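Annotation source Swiss-Prot lists compositional bias 'Low complexity' at 765-784. Under the heading domain 'POTRA 1', Swiss-Prot lists 31-105. If you look up Swiss-Prot, you'll see 106-182 marked as domain 'POTRA 2'. The domain 'POTRA 3' annotation in Swiss-Prot covers 185-273. According to Swiss-Prot, the feature domain 'POTRA 4' maps to 276-354, an assignment based on sequence analysis. If you look up Swiss-Prot, you'll see 357-430 marked as domain 'POTRA 5'. The region 'Disordered' annotation in Swiss-Prot covers 761-785. Look at Swiss-Prot and you will find 1-21 tagged as signal peptide, backed by sequence analysis. Positions annotated as topological domain 'Periplasmic' by Swiss-Prot: 22-433, 462-468, 490-499, 544-554, 616-623, 659-667, 737-741, 830-837. Annotated topological domain 'Extracellular' per Swiss-Prot: 443-450, 521-530, 569-601, 637-644, 683-724, 757-786, 815-824, in sequence order, evidence recorded as a curator's inference. Residues or ranges marked as transmembrane segment by Swiss-Prot: 434-442, 451-461, 479-489, 500-520, 531-543, 624-636, 645-658, 668-682, 725-736, 742-756, 787-799, 803-814 (among others).
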Amino acid sequence: MLKKASAFLIASCCVMSLAWAQANDNWYEGKPISAISFEGLEYIARGQLDTIFSQYKGQKWTYELYLEILQKVYDLEYFSEVSPKAVPTDPEYQYVMLQFTVKERPSVKGIKMVGNSQIRSGDLLSKILLKKGDIYNEVKMKVDQESLRRHYLDQGYAAVKISCEAKTEAGGVVVQFTIQEGKQTVVSRIQFKGNKAFTESVLKKVLSTQEARFLTSGVFKENALEADKAAVHSYYAERGYIDARVEGVAKTVDKKTDASRNLVTLTYTVVEGEQYRYGGVTIVGNQIFSTEELQAKIRLKRGAIMNMVAFEQGFQALADAYFENGYTSNYLNKEEHRDTAEKTLSFKITVVERERSHVEHIIIKGTKNTKDEVILREMLLKPGDVFSKSKFTDSLRNLFNLRYFSSLVPDVRPGSEQDLVDIILNVEEQSTANVQFGVTFSGVGEAGTFPLSLFCQWEEKNFLGKGNEISVNATLGSEAQSLKLGYVERWFLGSPLTVGFDFELTHKNLFVYRAGSYGNGLPHPYTSREQWASSPGLAESFRLKYSRFESAIGAHTGYQWYPRYAVIRVNGGVDFRVVKNFYDKDNNQPFDLTVKEQLNWTSINSFWTSVSFDGRDFAYDPSSGWFLGQRCTFNGLVPFLEKEHSFRSDTKAEFYVTLLNYPVSAVWNLKFVLAFYTGVSVQTYYGRRKSENGKGNGVRSGALVIDGVLVGRGWSEDAKKNTGDLLLHHWIEFRWPLAHGIVSFDFFFDAAMVYNIESQSPNGSSSASSSSSSSSSSSRTTSSEGLYKMSYGPGLRFTLPQFPLKLAFANTFTSPGGIPKTKKNWNFVLSFTVNNL
């Protein structure tokens, strides 16, 4: 740090006397900065530096701005020497380029772990900050040394010793960590002394440290003892023993019994004291809120067993009542009053009320790519506003939902005056790019097709650090080729108005049934719907292959509000699409009316609108809260030009509740979440298409379907039967986050049903429809036995933006007559993690 400060001071002092001596003194003042360049780079990518300093391009040069840029250069800690220079970029000296000639610090050529035998080198490398290819930094090396030591202590190696050194070699620096592990220490026994009110077995359950057993490692952690002592104290304090304490923890180490491990016996000495009851609370000095309002925050009844934890929670809720309304500088003090004879504990709370606090500054630290305005616009608090705790919490939720940051640490500090506060946001950015490419199987089972296709997708959710989204998606295969482009501006004209555009080109080779000659609305050679529905597949000779070309352009917009109870979003968009099918019309006629009509260039336009209420804590991986959304889509905007006219409604609801959230370590909680979802979709046709379908001349495309992937997991083999006009879909998931924000183990129960509104019968059921009213009634009664397609099973759900996949095994079943009828085989399901917004 001393070297860094000295270098910065020297550069600042020389700026006016040497580095900036050009044609005229101070010619660069007030001139726009056209570029910032770095000379002397060897290992550091220029693009990385361009991203960091691009925000300064176009700004006018000032001495303060120059110092800010120079400070950021030194903060990178990439360079041992920095020489600044101002260079004109035009003969008239109207633009200035800041040129930094630098000498890079050496890069890390390699990292070695020496002496470790019990913990793999790969595990140790994952615990350190320095990586191969990074610029060497001695401070980071020392931090990594301490990180490794803490990791060993967490694994029970209490006597571990770690040293580090940097060896300069050709091409960089090799960092070496030398480790003396020692023997692992495990807890063989835990015992208590002095406990009378509670048994030893009860108190053991309070501790995070456990005895070594068959399914419990029992690793001894020195730093866990203080937390365990506090846990015992809290357990007693919740039950009226307000003076209870753990006087000490004796450790008896056995080094002889087990040659590979040290066995330790922990003995907790407890002083319990007397049990007290709650004697009530007196509040003085309050004027803004009534005494009754404040007393209601403490949910303890006079005469009940004293619960210190509940009282502290109530006292905090009382303080939050002021804090929520902007009174952050109030003084609150509580005094205990004991009646040792009656064994009661009462309190007196003194409130000194002051003026409301206002936000003076919002300070952002740690950003390199993201512009400050992208963060500030998500804040519901602005400089000059009355501070509100709920708005502050909701602002943090908005920032977390952006998924731009791997770490976000907020802080509220006093401002320049008593009634002013500064909000400080310490952030650490993460990658917002999503790049996917690979090979997928397509056309499997089709004669004469090449069963592979290539795909590539690039998506950037924080384009140029401005919070906008851009995406490119391309697919190349023998049966399908597509190109999709998308752009979304999340805050249009500085308001929470979203504006986006999409463009798509697609070519596909598809199959359709040939039209029959029976005039009964069935494909050749089938004579009844029962025969068609029960057929496992169609013979190759009865299928018509055709090519389909689509071109589409769409636009969408949305607006959102932030009331206290939820985030409200209203969205809408239009989609303009032209399609054309290619097939031999002289010798073949398709059974599908849509395919037949689209032999000529056909326009398909649609309009959609949606509204949602989002009360989830985090939109992308919720643990609590709820969501309610409604979307309506109108296909066919021009009555006489377009032939496809339909309306679709989608209603969705979600609910999440946390069942368990137990801190196992400083970085991981054992967490269980229960998630519920229900959805109803309805699609109806109107106009010409509705009348033509009623004549039995064909079938319509785009019906609702149980696809077996996103809807009705595991039912993909029956997708052609499971289509209709009404779709009901429900699921329940038990979620266990294995790595928070990355991957979760889920166990799901899924139920879905499609229904044909016109025929008044469920699709995919075993019963047949009948033309007579009595037969139809009987059919509907029989069909109702197997309406829902159900499934259950385990799976892994990835919540990373770069890897939004679900991997699951599903066992499908129905319930005819209320009796579950399961299948023996399990189906593997690969789907995407789709979050409703």
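From the backbone N, Cα and C atoms, a Cβ is placed for every residue, glycine too.
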Count, for each of 185-273, 276-354, 357-430, the Cβ pairs lying under 8 Å from the domain 'POTRA 1' (31-105), and report the range with the highest count.
357-430
Folded-back contacts onto the transmembrane segment (479-489), same chain, C-beta under 8 angstroms, at least six residues removed:
442-443, 446, 449, 453, 468-473, 498-509
Which residues of the chain, 6 or more past the ends of the topological domain 'Periplasmic' (737-741), have a CB below 8 A from one of its CBs?
621, 668-669, 671, 673, 799-800
Tertiary contacts of the transmembrane segment (645-658), as residues 6+ beyond its ends and Cβ separation under 8 Å:
616-617, 622-636, 639, 671-690, 702, 836
The topological domain 'Periplasmic' (830-837): DSSP-derived helix, strand, coil residue counts:
0 helix, 3 strand, 5 coil
Helix, strand, coil residue numbers for the topological domain 'Extracellular' (637-644) per DSSP?
0 helix, 0 strand, 8 coil
Give me the mean pLDDT over the topological domain 'Extracellular' (757-786), rounded to a whole number.
44
In terms of Cβ proximity under 8 Å, which residues at least six beyond the ends of the topological domain 'Periplasmic' (490-499) contact it?
377, 467-469, 555-561, 571
Same-chain residue ranges lying at least 6 outside the topological domain 'Periplasmic' (544-554) that approach it to Cβ under 8 Å:
501-514, 573-583, 588, 590, 595, 598
